Each structure stands twice: as structure tokens, then as C-alpha cells.
């Protein structure tokens, strides 16, 4: 072991470095404590009376107002909004995956001149901000609704338009990450499948999809997270309050606060929006996070 | 033979993503209040009007400031984590816990953080208890609100980048750190000479991802200021300004679809320029090292 340190003088800089390291570690733990405290604080506020929230901001509720959740779900319309959100997210994510998984597999395996440019075409979409679509989206939504009402079905639901754009705008990211996944899988298995006489579609369904399960789970969960928290598309396309999603309902709830002052109910609403995603994260979170960082890094 | 698998997604992408994006670009050269009203081609007038409008310029400036300041804050926080998190006890728990705000809806983040900062809220109460009355502010007043929003945004986003960059740190062979320790390099030197050069690619990816996310900041500002009122000029980002022009604003004004589309084009352009710039910067740092 060499006794002459090659880099830096030990005494002063070592002491400084120890101090910096200690300070950084302490700050990281402080950050962790703050995050957990915020979750607990939001939860406690959701079961307090509005007076308690202001009089005892840090204490336990004097009486536990579980009825805040009931008020939020019924009177403030978060129940309907929750149903809208669940259906919208479930349908959109199902379609996104049904489109992007086969496409990503094809792009990963399609040799030659076409695959590269098409993959780039998809990933270029990731750098187009949502705002480039705001105006066309509003016009297409109005036009589509008129067209369907006057010519085809006689009725139209703006939530369908929202789902259509959810799918379209989620494709670039989903395809990009999944292509990376499929590329990392060995191709020997498909060759074996082909020798056994399985067609490319059979090979894809029965061999590649199970192999790419962790990547597919990651992308599914990330899409669920993203669309669950989406607000602007619904704000722009859905004027009818009964058809809006949780985040927009929460904003409406907040706008009514000057008349209702139901702060306990507002925090109950926040818990209703946040809790499903926190549960999802603690259920599949770690796997998803590692899958995501792998996928992005590629 | 792979075409049947690819075609459905490709068709949806072209028809519902590329075509609308080009349509939006075309509309930015028109003056229009929506279907059923008069439509005129106006050339680049929308762009000229925007860049001479103080309201637009302030939202343009706010967006750049917000993206830059929060980006630097996230970078510093991530560097701190990259210096010590490897050797901290409970590091996987810390990672899971700092990531949590990222999965919370920005609306919920905005409502909760703005509640902490309201005039009689916890922040001012705590400052009072600590005897720091001089630091108490009307945090949500127009002159302070953008700073508070930036704090909230940093809090909600930083965990994601820490986790992302730590995954790159994990990929560095532990033997490099061990031999550096034997040679007497302290944590800061290890960071400077091992971690930073070897995570350069991921830092560049993270910068690109932040630019994409930062430019379109919308929900958290709306949550801070509410949909009932118009967000004050001091807190308006480009996305908020565009939203007000698409809808005509809460006062029920006339939608300005042409200039709203132009804002969308400008935001795309800024995003692309900043992505190229952050790639260039991380490449140059690589050369210096």
C-alpha cells in the first residue's frame, strides 16, 4: 500500500471532505423525513375539521372526520371523477400497450433501411411538447364531435376524444423504451421458434412478450402514472364537470373553496388523487424505477 | 413480415400525432377564434405580435428562468446525492423515499405546497416561532409566487433525477472507488475524478429530460393560482399563457387560436434548441476532463 497519497493533501481537505459528507448525508435524511412528513400531514389534514387544520396545524385531529372523504366523493363530485379517471386510464393504457408492444418488437427486429428512421420518427415525438397539440386538439375535438353527432352516431362523448389523444401522445415514449427492451433480448429464441414452425406472430406472442414482461410492466405503470396525473387535455377538451377526471375535479373543488371553506374535504380529495399512485409505487415501484432507468439509459 | 405488427401504431402515430402537430404549425400563420368564426391567413403576424407583447415576453422569460433555476437546483441536489449516497446507510430506502413526490400529481403538489405557504400557513408560523419574523412574507403574492413555485417544483422533480443518476453511479465498478480510497482520495475527489466523468452520458440524458419537462410547466402553476382567477403575470409560464389564449381566459374572452398555436411552435423550438445546447455542453465538459 502506497503511503504517499497521490491526490490532494490529507489533513485539511480530508477534514473538510468528512464535514461535507456528513452535511450531505444529514440533508438527504432531512429530505426523506420531509417527504414522509408531508404524506402524514396531508393524510392528517384529510381527517380534520377545517377549524382544526388552522388551529392545530401539526397536531392530531381533535375529532377524526372520516366523513370528509364522503363529502369529497359525493357533494364535490370526486366519486364520479374517480370513476372517469379509472376507466379513461385503463382503456387508454390498454390501447397504448396493444399498439406499442408489437410495434417496438417489429422495430427492434426489422433489419435494414426502414427500422432506423421509423424508430427516430417515434423518439423525435418525445421532444415535441404537449403544447404543440393544444390548438389542433381543441379543433379536432369540436370537429369530430360535430361530425359524429350530425352524420354517424347522433351522439359523442368528449372523453373518447381524450382517450384518443392520450394514446397518440403516449406512443413516442412507450415505443422508445420498449424498442430498447426488445433489442436487449437475445434473438436465438426466436430462431428456435422459427425452426419449430411458429410464424412471426406466434413467436412474438408466445416467446417474446413473456420475455419482455418486466419492460412491459415498467412502461404500463409509467403510462398509468402519467395519465392519472394528466390535467391539461381534460381541461381543454371536456367542458362538462360530470365527465372530468380527478385532477380537474380537485381544481374545481379548490376554486369553490372561497364559498365552501371545506379545507378538510380538499385534503381528503388530495388523498383520493394521491393514495392510489403511492400504493401502486410501493407495490411495484422499485422494479419499475430500475426498469425505467435501464430503459432511458439505453 | 414484421409490418402487420408495426403498422397499427405507425398509422395512429402519423394520423393523430404528426398530422395534428403540422396542422398546429399551419394554424400559427392564421387568425382564428375557432370553428364557425372568420378565418384569415396573416403570415408571421402572430409571431411578430407575440414578440412585441409584454405579456408574452414575461411568460417567455418566466419559463426560461424557471427551467434554468430549477434545473440548476436539481443538478446540485443530484450531485450531493451522487457524492455520498453510495456510502450512506439505508441508501435504497432513501432513494425510494425521495422519489415519492415525483409520482404525486402536480395539482396535489401545488395545492399542498401553496397551503404551507399561505399567509397564515405553516411556513410563516414556523418563522414566527423561530423568532425570524423578519423573514415572513406574503409568499403567494405576485412578487414572490414564482420563487415558491420553483421551490415546489424542485421538491417534486429532484427525486426522479437522483434515482436516474444513481443508476448510472451503480454501474461504475466498485473497484475504482476502492483503489481511489487506498490512494487517499476523499469523497469530493472521488466525485470529481470518477463519478462525474463516468456518469456524463446519463447527466446529458437527465438534462434533456428536464428541459422537456421544465419548458411545459403548467399544472403546478395552475394549482398555485387556481382556475378561478387568472394567474398573475409574474407566475405565468408559456404553457399557462397558451392555455389562456386557447380558452379565451376565465373572463370568457375570445380564443386566440392563431397566437396560441404560435406559442406551441415557439415552445417546440425552445425545447429543441435547449436539448441541442445541453448535449453540446455535456460533450464539451467531457473534453475538458
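Don't overthink the numbers, they just go from 1 along the chain as shown.
In case you wondered, yes, glycine gets a Cβ from its N, Cα and C as well.
Here TrEMBL flags B:60-278 as domain 'ABC transmembrane type-1'.
As annotated by TrEMBL, transmembrane segment applies to B:60-85 (among others).
For the transmembrane segment (B:97-117), same-chain residues at least 6 beyond its ends with a Cβ under 8 Å from one of its own Cβ atoms are 81, 123-124, 139-140, 148-149, 151-152, 155-160, 162-163, 219-224. TrEMBL lists B:97-117 (among others) with the feature transmembrane segment.
Taken from TrEMBL, the feature transmembrane segment applies to B:145-169 (among others). Outside the transmembrane segment (B:145-169), and at least 6 residues removed from its termini, the chain residues within Cβ reach (under 8 Å) are 62, 65-66, 69-70, 73-75, 77-78, 81-82, 85-86, 95, 98-102, 104, 106, 109-110, 113-114, 117, 139, 195, 198-199, 201-203, 205-206, 209-210, 213, 217, 220-221, 224-225, 232, 234-235.
Annotation comment: TrEMBL describes B:202-224 (among others) as transmembrane segment. Sequence-distant neighbours of the transmembrane segment (B:202-224) (same chain, 6+ residues past either end, Cβ-Cβ under 8 Å): 63, 66-67, 70-71, 74-75, 78, 105-111, 113-114, 140, 145, 148-149, 152-153, 156-157, 161, 164-165, 167-168, 196, 231, 235-240, 243, 267, 270-271, 274-275, 278-279, 281-283.
The transmembrane segment annotation in TrEMBL covers B:257-277 (among others).
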